[in-house]
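Trainee: Below is the structure I would like to discuss, written out as structure tokens.
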Amino acid sequence: MMNEHFDVGIIGSGPAGLSAAFALKAAGKSVVIIEEYLWGGTCPNYGCDPKKMLLGAVEAKQQAEQLVPAGLTGSLDLDWSVLMRHKMAFTEPVAARKIVGLDEAGIIHRYGHASFIDNQTVKLSEQTITANNWVIATGTQPARLDVPGDQYLLDNEDFLNLTTMPAEIVLVGGGFIAIEFANLAAAVGTKVHIILKGTAILTEFDQTLTQKLKQAMQAKGITFHDNFMTQAVQKQGQRIELLANDGRIVSADSGFVAIGRRGNTDALNLAAANVELTDSLVKVDGYLKTTADNIYAAGDVTNLAVPKLTPTASTQGRYVAQHILGLNTEQIHFPATPVVVFGAPKLAQVGVNPDIAIEQGYQVTEFDMTRWMGYYRNLEPLAQAHIVLNESGVIVGASVLASHADELINYLTVAINRRQNQKDLRSEMYAYPSLGSDITTFLGAAMD
């Protein structure tokens, strides 16, 4: 059996794995990166990027509908098949582009399934690969329902590859994926059902704003089935049915599971390398080292209590490279990191959650932004923000529910990381009129 040896081996080619690979190779290390599915990982192939490609036309239609009272006439229709062609034009070249980038950098890449033999060796098809250090960056996969008939439910990748959108769908779960896919499907005229174990959506977010988002979704015709404990899924002709333990049944043309994610670790044979798991996630310390001293983990597959996002994964990949190279001996540090749900409207949050802020002694200020120039001109029906201040008046948290929440939260993230107060905000100079100038004018004044 052939063997290859490298300074560093990386399993997984998502943002964490690629960031580590390029940084290590640039420093002169011999590097191999192994992928068993799509080069580039979840985000550019069947995650955040293709979702955003679909959202462009959807958001344009939603904004156009708002502007009818302002003089916009005519109507717009969305064609799902054309939307998908637009998305595919972006996603289809991703894998090839990643390989070209690896080749140009001189990074060796191997395709196939890797499993550990010991803490320095992995088996890959008919060969073995040894490395002084390994980086596990295998990401996550959809969690499944542990009920009979779960196999009838599709997942996020299936949704983002639908050639035709069904007339009626059911989404199981109330997190990011369910809310975002509900927005997309409803926009093209699909009847959408959302199955919730309780009554709340997006439980890690500001619950005052999530309740408003839920109401906005209901106003668009999306049906929530609260306190629905799924006990089975079954086929009924060409449709599927979800059965609850209280006898309720929800029927649709297609169903999608969106109850969360779990680590891609089942088939890595990590026990052979003495790498421990926390549930399905790789247990790491503050240096991203696993329980095997020469093996690191980075990205969504780790058990770190940080948002599982492309920016945090890339940060971890770069950190691992620096730690292996001896350039960073401090524990990894993450600045305040914004999280966005691309619903209608969008919901964004960063820093201290307003739900727990008051009990921790912080001040929470609420803003209705519908009269801000940036929102009033577009007749936005719902635009709210909560800003959290500490005892010194410094911004430590924010949540925003609005069409441009993804942009507004970036301004507020910078303010948090710079430890700015209202005086600092008002001293910033932004183009006028714009969302940036709205922040300095309205937030600065209201926080005085």
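All residue numbers here begin at 1 and follow the chain in the order shown.
Every residue gets a Cβ built from N, Cα and C, even glycine.
Bear in mind that the values here come from a model prediction, so they are computed numbers and not experimental data.
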Trainee: For the NAD(+) site that TrEMBL assigns to Gly173, Gly174, Gly175, Phe176, Ile177, Ala178, Ile179, Glu180, which of the candidates Gly74, Gly260, Gly263 is also assigned?
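Mentor: According to TrEMBL, the candidate sharing the NAD(+) site with Gly173, Gly174, Gly175, Phe176, Ile177, Ala178, Ile179, Glu180 is Gly260.
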Trainee: Taking the Cα atoms as reference points, how far is Asp300 (FAD binding site) from Ile179 (NAD(+) binding site) in Å?
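Mentor: About 20 Å separate the Cα atoms of these two residues.
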Trainee: Do me a favour and check the Cα-Cα span between Cys43 (disulfide bond) and Ile179 (NAD(+) binding site); whole Å is fine.
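Mentor: The Cα atom of Cys43 (disulfide bond) is 17 Å away from the Cα atom of Ile179 (NAD(+) binding site).
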Trainee: Quick one: average pLDDT across the domain 'FAD/NAD(P)-binding' (6-317), no decimals.
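Mentor: Value for the domain 'FAD/NAD(P)-binding' (6-317), mean pLDDT as a whole number: 98.
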Trainee: Using the Cβ center of Gly173, Gly174, Gly175, Phe176, Ile177, Ala178, Ile179, Glu180, Gly260 as the NAD(+) site position, which other residues in that chain lie within 8 Å, going by their Cβ?
Mentor: Leu171, Phe181, Ile201, Leu202, Ala258, Ile259
